[in-house]
Structures are given as C-alpha cells and as structure tokens.
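S.K.: Supplied in structure tokens, the structure appears directly below.
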Amino acid sequence: MEKPKSDHKNEPKPPSRGLQCEDVPRVRNVLLRAICAVYLLAFVSFYCQAEGLYGETGILPAHRILRNGTLKERLNLLQLGPFIGLGGAGHAAIDLLCLIGAAVAFLGLISRSYCRLLSFIVMWTLYFSLVQVSQSFRQQADHLLLEAGFLCILLAPTRLTDGRNPMEDIALLLLKWLVFRFMFASGSVKLASGCPLWWSLDGLRRHYETMPLPTSYSWYTYQLPEAFHRLSTIYVYLSELVVPWLFFAPNRVVRRFALVWHVFLHANIIGCGNYGFLSPLVLTLMVTLLDDDDKLLLKLLRDNPGTTNSGNSGVERRTRGGVVRNQAEPNNDSDRIGNRIVKVIGVLMVVGSWIIFGIGFSSSEDGYLTFKTNFSKDQYLSVMPVMLLAAPLLVFGLLVRKFLKLLSFQDTVGSLAEGARQFTKNLGLLISTIVAFTVFFMSIVPHSRLLPSTAISSPVMTRAYGGLHSLYVVNQYGRHLTKMRPVRREIILEYADDLNGTWQEYGFDYKPWTVERTSSLPYAGLYFPRFDFKFYDAAASKLDAQKWFYPMVLRLLQHQLPVLDLFDGHHVPFKAPRFIRASLYQFSYTTSPTKDTVDGAFWERNRLGDYFSVFSLDAAHLQEKLKQIGYWTTGETETAQSWNWLLRWLLDAVRRFVSTIEGSYLVTGLLMAALSLNYSLLK
C-alpha cells in the first residue's frame, strides 16, 4: 500500500540555529516605524523654513557653505543639484531633499514594508546633508536624530523576508545607551554647574518662565505653589540621575516602570515648550526598554497589527527547542519579582529624596513643606566620577555578552553554496560589529566630558571622536540647561520710515514678543520653529556673537518675502522699511490672567535698552559687518542656472501649496493622515 505523500509545503521549516530563539521582532518594528515618524517631523519642519533661512535670498544661503565651507561640509548631496538641472544658489535642491526624505519617512510610517536598510540609509544621508547647511540654526535635536538614525541603520533589516537581524540586540543596546547618555547628561550638568537656582530647587519654576519657546501650559504650571515646583525639581533629578540606570535592569517590569516614568516626564515637556521632535525622539528611543513579549507592546500590536512581521499580533513564539508557546501569558514569577522590586525602588526613591533634600514641614500653623539640600557640591562631584565610570563599564559588559551570544548561534555550513552565503553574511556581521563597538567606545569621550576632572585626554580617542562627531554619529548632550537664566530677555525688532516717526514691531509666530494674550504663548506642537528658537540664544549674548543677525537685518531692509514669511504675517510692513532697530526687553509672567493686566495677558514686559542701534540699507557699519563674516548679496552669487524647468516648476508648485498651511498644522495633518492610512490598510 502506497504511503500518502506528505505536504512539505505545509510543514514548518526548522529554524536555523542563528534564529532559533526568534519570532516576530516587535520592538525593532515599532521603533523603526516611530523613527520614521520623527524623520517625517524633522524633514517637514526643515522644509517649511528652508527658503527663508537657506535660499538665495534667505538669511544664510546654503551656497555659502557648499562653496566656502570645510571639505566635510562640501561633501553634500546638494552639490549634485547642477547634475539634475537644479543649479544656482536657490533652494530648489534643498526642497527636493526635504520632499524625498519626507516621502520615504511617510512610507515607512504607514507600511512596515518600507522600514528597510535602504530607507534608513537614504533618510540619514538626506538629513545629514540638510544639517550640514543649517549653520547657526543647527540644534541639539538634529544631533540626536542623526546619531539615533545612524544606529537604526545597524538595526534595520536588509530584505523584507528577513527575520531578526543578528545585530539587533547590539543595536538596541546602543540605542538604549544613547538615551541613557542624553538623560543622564541633562541631569548631571545641572548640579555640577553650581547654578544656585538648581541647588535651591527653584530651577524648574524659573525654567517655566525662561525656556526658549514657552506655551500657555507653562504659564499655568508656573502659577502652582512653590512646594509643587520644588517637588517637581526633585522629580526631574530622579528622572535624569536615578531612573536612567533602570534602563539596563534585567527585569522587564522594572524597565517598564522606567518607561512609564519618562512618558509622564516628556508628556509634560511637550506640553510646556515648543521643542519640536526632540521629546518624541527620546520617547521613541525608550521603546528599547520593552521586550518583544511585553504586555504593553502586545496590547499595542493587537490594536495595530501592521507593525509586526505577520498579519496577526504574533503572540506565539518559537523557542530554541522549536516548541511553540503562547507568550501572551506573562512570566508570572518574573513579573511578581519585578513588581516587588519596583515597590522597593519607589520606597527608596521617596525616602532617599526625603532625606537628601531635607523635606520637612514648617512649625507654623500652615505646615507648608520646607526643603534643604543635605549634600554639598564637593560631595556631589566626588560621587559623579564613579557614576561616569560605572555606566560605560556596565554597557560594555552587556555588549560583550550579547556579542558572545551572537557568535554562539551561527549557522552550520552544509554545502559550498551555503558556505559562500555564510561567508558574505559573516563579513557583513563583522563590519557591523566593528562599527557598533567603535561608536560605543567613541561615545565614552563626550560622556566623560560631563565633568572636567573625568574628561579623556588621549589624543587618539579625541581625534577619533572628532571624526565621528563631524558626521554627527556621536555627539555631546546636556549643555542646554547648565545654568538657569535668572530673568527672561527677548529681542524685539522694530521698523520705521522716519527716525522720529512711530516705530512698529515685527511679529513672531512662536517667540514671545507681545503682551497680547492671543499672540504671546502660541503652541507649535511637534513642529520645530528653529528660526524663533534661535532668538533665545541671541537674547543671552552680544550681537557680534550672532553672525546671522546682520544678514537677517539686510534681508528685512531689502523686504525679501522668504524671510518675511518666517515672521507673523499680520505684523510685517507692506513695503521695505528705511530703518530697523532691535530693543531688548525683560519679560515676566503675570500672576493673574484677569487682574492688573492688559486683556488678561500672560506677560509683562519692560524695555531694558537697545540690542543694536538703527540700521539702514546703506549704513557703513552694516556693510562692514557683512564683509567681516564673508557675506555677499544676490548679485555676487554663482551664475549656474536651472535647466530642469519641469522639476523646478513642480517644486515651486509644492512650495506655493505648502506655504498656505501653517507649519504646526502641516506636521499634525501628515501624522494624522499616516495613522488613518495605516488603520485603513489594516481593516
């Protein structure tokens, strides 16, 4: 009797040894999709301001860098503009890079099929080219995105059929190390700087008033009792100095606790200030704190199965022994232990904060909370070197462990063809491993610089770090809040046609400039207004330290529309003014929105003096300053022309359409469209 033929197509193939423990790489997929969303925010925000900032008649034309910058700055995709007919000194090539990057990011956000290695190489290369020409308007968020984007290149799969990337665990650990460095640096420098506001626990309340681009939520939070602000400052210290160590905890419940803690922190940061995509990027990196079978992640993927490698939520998992088991059922013993550890950590943080920061109650009838920091700066600085050394040692140990685990699960070779494929795979793995360990060792250099006493002085390490930092692959963080500003100062631009006439003010979209309630604390959402943001730095420095200010004045005197579009369109002149000046004001929050204020204003302002005196188009002082910084006007730009009229027409048409939409509405609309498409494709 003939035996029935078995249907080999329906039999599950035994997994290769290197992937035996693998099922659906959910953390990888969610993180890559989220990084695409952040890239989308970054590209669109850059695009909306590119013409006014970097166009031919913009403040800092990109061709200045492409022609006269360093070799590193001239190695830029924008140099290819003339080869596709987008020559000249205009913004067309920048527009093209932004639109391509936004399109790739949008596709990656709506479909896992586009979250591939090639996509992340393209997005990183495009954004690196844009950041290269951003000049004075480059921000910390750009550095963090480029560093995270480079590590995602190590994480992303090459082909759609790929399961888990052999480098996945190492890449995820480096991303976790990145977010640890960012958070720990943000906290450590606050106390190390010796700023009295941070030491007295008044820094956060002052920050609500003096942050770069505050919102109305910031004003309302500022009105809360003093004890609340001091407790909030302690919460920030715990968030940046204590909780980041839990990122590396072996128990997933402990890591989940750290994630939830920071979600609350960054939700408040997004509400308080217009930092654009910075906080969403930090939260994206914290996805690395989850496991593939974490209950939070599984719940998310049940609601949105398109982020997995299969059409379902992927709750079944193949173990090393080939046995399929349901991972939706939590590891009860591990979770119970984790819950107990979290409770202990919570109690220790409360008790430790109570003792270290001297929390008590006053002897008066009110019984309000009192605070007294029970440690000195010297004591703090004596502990910091140990923490700065312990962190990279811990991560290095974890890296070595994951690398050895990776080596122990290599596939066996059964034929010559399999040997060739294995050799190619191992060669790529070797290169990726060398890159990963190089990035890690170089990241120790900026991490050690958080204190002068711990900075690495090795010439070899510093030169190697400088090379990677020039590509923004490794960067230093934490310098943005070292010393809190005691008062808020704002630069107000004014124009007039007569020196003795009435001076009118230029309006801003997001920067505080008026006491009118409806225009004084706008909310940009996830849109990053880098032009308004830059005035925050300028207000704390002298005019000569802000080289971009003179070109901006020139463009305003020339009445260049791309630059005027960076301002509030309702408060700009209809024709070119003859004179421009800048005044320096002190802004202070009002204590009540309804009493003793103009129409319930959020701000009170007092003029402190001139930021710069009157400039006119033919002012010798202005012309001299422009020559000193190597700035030339439109007539001195390169003469290459754009012969690709069709592409130029399409780019101009897109810009005309997009310019009618306010930036924050545009990025919000695109994100909502991506989520809607994602949902509709899954129905």
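Here the Cβ of each residue, glycine as well, is placed from N, Cα and C on the backbone.
Pulled from TrEMBL, these are the listed features:
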REGION    1-20  region 'Disordered'
COMPBIAS  1-14  compositional bias 'Basic and acidic residues'
TRANSMEM  30-47  transmembrane segment
TRANSMEM  83-110  transmembrane segment
TRANSMEM  117-137  transmembrane segment
DOMAIN    139-293  domain 'Lipase maturation factor 1/2 N-terminal'
TRANSMEM  173-199  transmembrane segment
TRANSMEM  227-248  transmembrane segment
REGION    308-331  region 'Disordered'
TRANSMEM  341-360  transmembrane segment
TRANSMEM  380-400  transmembrane segment
TRANSMEM  427-445  transmembrane segment
DOMAIN    473-612  domain 'Lipase maturation factor 1/2 C-terminal'
S.K.: Can you tell me which recorded stretch out of 30-47, 117-137, 380-400, 427-445 has the most Cβ pairs within less than 8 Å of the transmembrane segment (83-110)?
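M.R.: The listed stretch sharing the most Cβ pairs with the transmembrane segment (83-110) is 30-47.
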S.K.: Between the transmembrane segment (173-199) and the transmembrane segment (380-400), do 3 or more CB pairs sit under 8 angstroms, pairs being 6 or more residues apart?
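M.R.: Yes, the stretches contact each other.
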S.K.: Which residues of the chain, 6 or more past the ends of the transmembrane segment (341-360), have a CB below 8 A from one of its CBs?
M.R.: 201, 234, 238, 242, 246, 249, 251, 253-254, 257, 369-375
S.K.: Of the residues in the domain 'Lipase maturation factor 1/2 C-terminal' (473-612), how many are helix, strand and coil by DSSP?
M.R.: 33 helix, 32 strand, 75 coil
